[in-house]
Every structure is written in C-alpha cells, then in structure tokens.
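Annotation source TrEMBL lists compositional bias 'Basic and acidic residues' at 83-94, 581-604. Annotation comment: TrEMBL describes 83-210, 581-614, 673-693 as region 'Disordered'. The compositional bias 'Polar residues' annotation in TrEMBL covers 114-125. The compositional bias 'Low complexity' feature in TrEMBL is assigned to 134-149. Feature annotation from TrEMBL assigns compositional bias 'Acidic residues' to 187-203, 675-684. The repeat 'WD' annotation in TrEMBL covers 217-249, 318-360, 367-399, 420-448.
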Amino acid sequence: IRTPPQKGAQCTSNLVCALLPRNQPRKNIQTIMDAGSGGKEIKSSDDDGDIASVMGFSGFGKKARTFDLEAIFEQTRRTAIERSHRAFEERQQEEAEQEEAGSSQKGKIRPAADSSSSDKPTAKTSRQRDSSDSGDSSDSGSDSDSSSDLIGPPVPSQLALHRSTGQGDPDDFVGPPLPPGYRASLADDDEDDEEDMQDEEDDNPVKKIPDTHEITLQHGTKTVSALALDPSGARLVTGGYDYDVRFWDFAGMDGALQAFRSLQPCECHQIRSLQYSNTGDVILVVAGNAQAKVLDRDGFPVLECVKGDQYIVDMVNTKGHTAMLNSGCWHPKIKEEFLTCSNDGTVRTWDLNSEKKHKAVFKPRSLQGKRVVPTCCTYSRDGKLIAAGCQDGTIQIWDRNLSVHTKFHCRKAHAPGTDISCLTFSYDGTTLASRGGDDTLKTWDIRNFSKCLNAASDLSTFFPMTDCCFSPDDRLLVTGTSVKKGEGNGKLVFFDRASFQKVYEIEVSNASVVRCLWHPKLNQIMVGTGNGLAKVYYDPVKSQRGAKLCVVKGKRKEKQAETLTQDYIITPHALPMFREARQRSTRKQLEKDRLDPMKSHKPEPPVSGPGRGGRVAMHGGTLSSFIVKNIALDKTDDSNPRQAILRHAQAASENPYWVAPAYTATQPEPVFAEVESEDEEADKEPEWKKRKI
C-alpha cells in the first residue's frame, strides 16, 4: 500500500530541492520522493541515473512489500477468541476436580469471582472489544458473546469475598491472596486486640522491667560498694570493702561466671565509686584515700591525682585533695574531664591530660558560711551544671564555669546532719533525684528548686553510697533498701516518676542492697549487695546481649594436667635412669664390706667420765667445744709445781748450758737474806696485827 504524503513530506521536498543543483529538473525531485516513500515502481532509468548522481548510490534495492491490515486484525481476533475459550474450559475442569476433592470453600468463592469479573472488564477484554468493533459487522454477535467470557488468571478469593460482603473497595486490596478459611472480620478483631494489648504494655512501664532471669557474680565476702558498666555493656567492674576491683567480661565468661582479673588499685582503701568514661576506654576509681586514680580497660594505671598540702588553710590554694574521697564521676560530654569530692570540703574537677593540679574548685558552704563536707557529686546530663549533696542535708548546684556562687541551693533538702548518698539527673535533664541518709528518696525540678516534687520515706539505708537511678524510658525511679543481718531481705524498689507510687519491688538477697544500675542499651539491672554478691537481672526477650551471652555457655572442662590430687617433688637422682643398680645378693656385699678397711674397722667406744687423751666426753659443734677437744690437757699430775721446777735445779747448776755460761764473768754472786728471829716472831703474830700490804 502506498500512503499519501504526510505533512513532513513538503519539508523533505524543500530539503531535497536545496541539495540539488539549480539546473536540475523538478520532476527528478518527485522521483526521489516517490522512491523514499516506498513506492512500487520507479519512473524511468533516466531518473535512476539522476538520483544516483545526486544522492551517491546506484539504486533503492528491492521493491517495497505490501501489507493487508484488515487480514492481520481478523487473524489476531480469531486467535484471541480460541485462546480464551481454551483457558475457560481448563478453568471449569479444575473447578470440577476441586469440588470432587472436597474443597468447598474455593468452590463457593470462585463463581462469585467469575460473576464479578463480568462487571468490570479486564485489559484483554477491552482490547478485544475495540478490535471487534473495528471488524466486519457479521462477526459482531460472536465478538459480543466472547467478550463476556473470563480471560486471564482467576480473581483472588479475598477480592471476591470483599465484593460479596460489600466490605471496602476491591481496588484498594493490595497483597498476595489470603489462605483458605481466613475470615477478614475475625482477623481484624485479633489485630485490634493485639494492638490494644501492645498499647497497654507501652503505657505500663512495669511490663518493661527485666526481672524474669538473674545471674549471680561472686565478688567476695564483703560489701560490693561500687559498680560500673562500659557504654557498650560488654564489661562490668565491681569494687568492694575488701579493696578489690574485679573485671567481668560477658562475652568471654562461661557458665562458671568467673572474673578474668582482680586487683587492688588503692592498696588498703575501700573502693567507694567506679565509673567508665563516656568512650569506655578508661575507668575512674575513687577510694578511701585522697588521690583518685584512672585505669584503662585492662586495669593498668593511667593517672593518679596529686595530693594537696594539708597545712594550707584555703583549699583553693592547694593542688589536690587533702582528705578522704567520697565520690566521683566523668563529664558526660568531655571525655578528659572528671569530678571528685572529698572530706576536705571541696569539689574539684580534673583534666586527664594534666595530673599536676586540679582544674577548678567548688566549695560548699553552710548558711553561716562555714565549710561543709560534700558526700556525693554529679554532672547534669548536658554537663553544664555540677551538683553536690552535703553532710548537713543541703543540695548545692553550681554552673560549671562559675565556681564562686551557687546557681541553685536547697538548704533543707534532707534532714540536717544526714549524709546524702546519691544525686542523679533524669535523662531529659529536668528532674534531680536525691537519696538521703534520713531514709527518703526525693525528686526535684531544676526549674523550681525551692520545693521537692515528690518524696518517699521508710527506705532504710546503712551505707554512705546507697544510690538510685532512672529507667531507660525515664518513667521509673529505682533504689535499694538496707536490712540488718537476719532481719529480712534487701529489696530493689521501683517508683513511678509521675505519681511516685511504689509500683514494683524485687527481693534481692538476705543482705542490704547498696548499688543499683540500669543500663539503657542492655536493658539489664545490676545490683551490688552487702554480702559480696553482684546480681544481674535480665529478660531473654526484652534484654540485649550482656548476661545473655555467658549463661548459654557451659562450664569449661578442666584438663587432667590441671587437677593434681597430690603434688610430687621429683629430683633428678630419683629417676630410674640415675638410680644405682641394687645387688641381688647381700652376701657378696658383705664380703666387699669386710675387705674395706674403713667399713671393717671397729668403732671406738664412747668416752665415759672426764675426757682423756685429747678426747672430750661430751662436746657439741661449737668453736669452743672444738678448741677444748683439741687442746684439752691431762690434769692427773697433782705434784707441787715448785718441786717440779726445782727438780732440775741441781743439774742446771752443775752443768750450765744456756744462760749461766753467758753471765759467768759479769754475774755477781747471789746473796740471800738470812732468816731472822723478828721474822719468825712476825710470823707468829695474829692476822689482825700483821701489816697489810
């Protein structure tokens, strides 16, 4: 078929005229247009030559193929009708088989779907009607009958159910087909009930308390006075009155629940406070001494604060604390800054990079301007305020950048003379909770600090570090109670923040509850008790990681090499390879001993009586006994020593040999005094008359 030239043909003709030379005849242009439009024939061979010379090619190839559009439409229509009839027959056969098999539910729904499908034609039926209208009039009747037949996949059962019951618009239905036997009304009711129950759980904060399961960590036998968890919740640190700090790794522990490290960072001082920094890489250790310490995650020292001069009156002029520390905490925003308070009456801020001196000093004062001892201190959630609870029952709050005057001050927060053991801010930063030594728990609004919001009494406390904390959703307030030995169980008490009613309590153990910590990321509660236990409460569904990691692991089996029932000391010569060979017969050994002069020698009998012949009867191993043994003389000669000497006098005078010959020429004649009668009389005089020389 040749189509008439369209609107663009005139433009194409003008373009070709512009390309041809001026002397080219107009009829050649018409020939070119006819050839470009796919015509059946070409005018003449002369025209072909002209076209070849102008356009640059020799010819237009084969002649254009002709198409009969009406025949094509008719063939397509008949093919579509045959396919729809075949699909309809297959669908009816499937329905008959399902009815026989007993699927009555689907048999009820599908006719409705078929009837409903006739109301709204599908895309295929609409296209089929359009094609039938454009065809011959003789086939219009058959086309109208076939257009009412179902073409395409079956309508989903829930769509038919919606149409039959009149519930909603079927066009709004989205999603895969629902299972058989499903009732939309009942399912909607169940969903509504579940949503209502979920809303009730969201409204009731008690449902979020993770207390279904617990594990017990044995810190020691004395009070656990400090607890700390890193921000990720992977590692727990406990400190107590036994001076020990123990490290617990939840991911590395097994069912035995043993600490992987224990140390005494402050020697013989009780641990009063522990806290991880906001990055979790260092730990602040506050003990009963005057110097706070900073440890890394593995317990190695990083910093030790300097000690101040106790002889300086003004505590601002000294470099550090001079008395026992009471509490300490890290700055929530600045990872290098931390805060400590002491019995020297000061609250000091420190920089981790400057260990020579404190950063700033805050001095709590009484109403008369006298020094007051701060017992606890903390930062606000934004780090702009510093709060301290004092021994006289007052709460004093300073601006972090202004250390002279207090920004907020409550003189009668708790009973005078009672130590405030804990101060903590809520997560929204508007409420301050205080735990007093007068057995009370109070909340305060920072914007109106003159009067407390709520107060709870009869919460006994015996420890100066009994604390309180807010729940992660800021709707509950938790604290512990103390008991005397044998008079009950220590409890963990939960108060609603708005109404301040006691909504829940947990009996921890038969000892006091000193420390409590509710980690927001793990949703687990850590408790330190007065009998050396650290308990972790968790819920397998509501809690994350933490204690759940170690309870699923079994205890590690001990190797035989590690369990020795008795220690043996083995020397090298005790081994068989070094041992001397033993004689099989004793007779040969006795014969050898007989030939040995040392072994066959008869021992000397023991000395009885005094020593004789250079031997001492009884002697020890001292030097004096050795000397006596070797130089002892035989003192049996009882003769007169003068007679023993003069025994050789006659022989010496008759035969002088050594001295007398040398003095023969010069030696005078010895003259001896004669015995007189006076001497004899003098000898006869009594002793008391004799002259004393």
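Yeah, the Cβs are placed from backbone N, Cα and C, and that goes for glycine too.
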Problem - Other parts of the chain folded back onto the compositional bias 'Basic and acidic residues' (581-604), taken as Cβ under 8 Å at six or more residues beyond its ends - result: none
Practice task
Using a Cβ cut-off of under 8 Å, list the residues of the same chain at least 6 residues beyond the repeat 'WD' (217-249) that approach it.
Solution key: 257, 259-276, 278-280, 283, 285-287, 295, 297-299, 463, 465, 512, 514-517, 519, 521-522, 524, 526, 528-536, 544-546
Completion exercise
Per the Cβ under 8 Å criterion, with at least 6 residues separating them from its ends, the repeat 'WD' (420-448) contacts 375-382, 385, 387-390, 393, 395, 397, 408, 410, 413-414, 454-461, 463-470, 472, 474, 477, 479, 495, 497, 500, 520
Handout entry: Tally of DSSP helical, extended and coil residues in the repeat 'WD' (367-399)
Key = 0 helix, 18 strand, 15 coil
